[in-house]
Structures are given as C-alpha cells and as structure tokens.
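Worksheet: one structure, shown below.
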C-alpha cells in the first residue's frame, strides 16, 4: 500500500456534492444603458450627465443622436409636420436579406426610412427640414431617401421655403445598386432648381457624413456648417492612404480640418445650432 495516495486530477460533481455559491444570487444588475463610454476620451459617463444634447461633460464630444432627438433639440414644440411617409422601396435587385434588414431598422429606430422630412418652425421661422439618422442602416442613401429629399426641395420651391438638412450617412445603399447612385444626381438637380428660385439652403454636417451624400447635396448648401469633430469625407481614410501612398494627418476628414481648408463655413456647438439656424434663415429672408 502506497504511503501517499494520488489525488484525483478533477473534482467530481454529483447531485449530492454540487458546488454552492457563497454569494447571494440576488445580485442587483446594472442596466446596460445606464452608462455610456465616450469614444473620444474613453470615460464612462452616467447617461443623465450627457443631457438632452448628448454631449460628453469631460471632452465635449458630440454623441450620435437619433432623428427624433435632434428634432426635439431644433424645432419649436409641436410645429413639425412630417411629409412623404408613404414612399416604399421597390427593392429592384431583390437583394437577399434586404427586406428583413429594413424591417429590423424600422423596429429599432421607429423611423420608416433613414431620413425624416417635413416642415417646421425654428424660433418662429418656417422651413423645410430633413434629418438623416445614422441608426437606420447607417443612413445610407437609397431610392426612398433620394425621393423624399427631392420632394422636400420641390415643396420648398412651391412654398418659397428655405431648406435645412442635417446630413449623416455611410454613403449609397449597396442593396439598391445603380438606383442608389442615381439619387446623387437627382437630389443635386433639385438643389439647383431651389437655388435658381433664389431660396436659401443650409446643410449641417454631423458625424458621420461620408460617401455619396458628401459627394452630392451635403456640400451644395449656400452655407455649410458642421458639428465639432464630425467625420466628413468621401472615401475611407485607409483607401485614400493606400491610393496616394502617404500617411494622412491625424485630424484628416474631421470638421475642423475641413474648415481650415475652406470646405466648411463654420463649426457650431450642438447646443447653439437652433439659434444659429433661426438667425441664418431670418437673415436670408425667412418665412414666418
């Protein structure tokens, strides 16, 4: 008989000797949405400290917000009248999974499409308004987005209204192929007709504004303003660096970089946008 018995390599668990936690199972759970991590300064922030404008109290980073949140921050209470809600995509390519993706985005955002369009008052100034929402398939521009914005410009021409667009997009919607790319030219033509009518068009670039939206109506405003630190560009940074074979500046494609190089007229804090919009619309002969 051996002096020392060999210990088992593993602990055997049976119904009679199952491990029991010494910690109470009634552990309070912290809700997932109680805190938010700032993408810029990496601090964990209590959601209530962000305020309605969703601005980081540590570094002033502007969190991405929904179209409904931006609407609340911008227009006079109860003045918004939504338009063009009956437009549906025909899904021309019968792209696999596209309809399911649309339905999921609608349930998640409460929007029918990636842009909210209508008329509203901002400090008593009546205007045509479009707000793109990056939470809806990254606010990609498909046929419905292009059609809604085009119709908004046509309405603005008929009613002699200024147009204000909050842009945010990942680019053209690949699930709709060439039909998506055609929206760039269609909306740009509507912008030109609105301009020929002597009406004011203001674009507000928000994070992120990229791809076909940047290459068309986002940069065609009579005035172009941007939120601080917004990503604005056409192609991605890595694509450009690979093409030109150069390292780009750290702030490349940021709103501040664009302003420095003359592509943006002004950078305005989110909390100041409502006042700035009202001032610019009134200055350009606004409608009350």
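Every residue, even glycine, has its Cβ placed from backbone N, Cα and C.
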Which listed span Swiss-Prot calls zinc finger, if the choices are 38-59, 60-81: 38-59
Where residue 59 (Zn(2+) binding site) sits in the secondary structure, as DSSP reduces it to three classes: coil
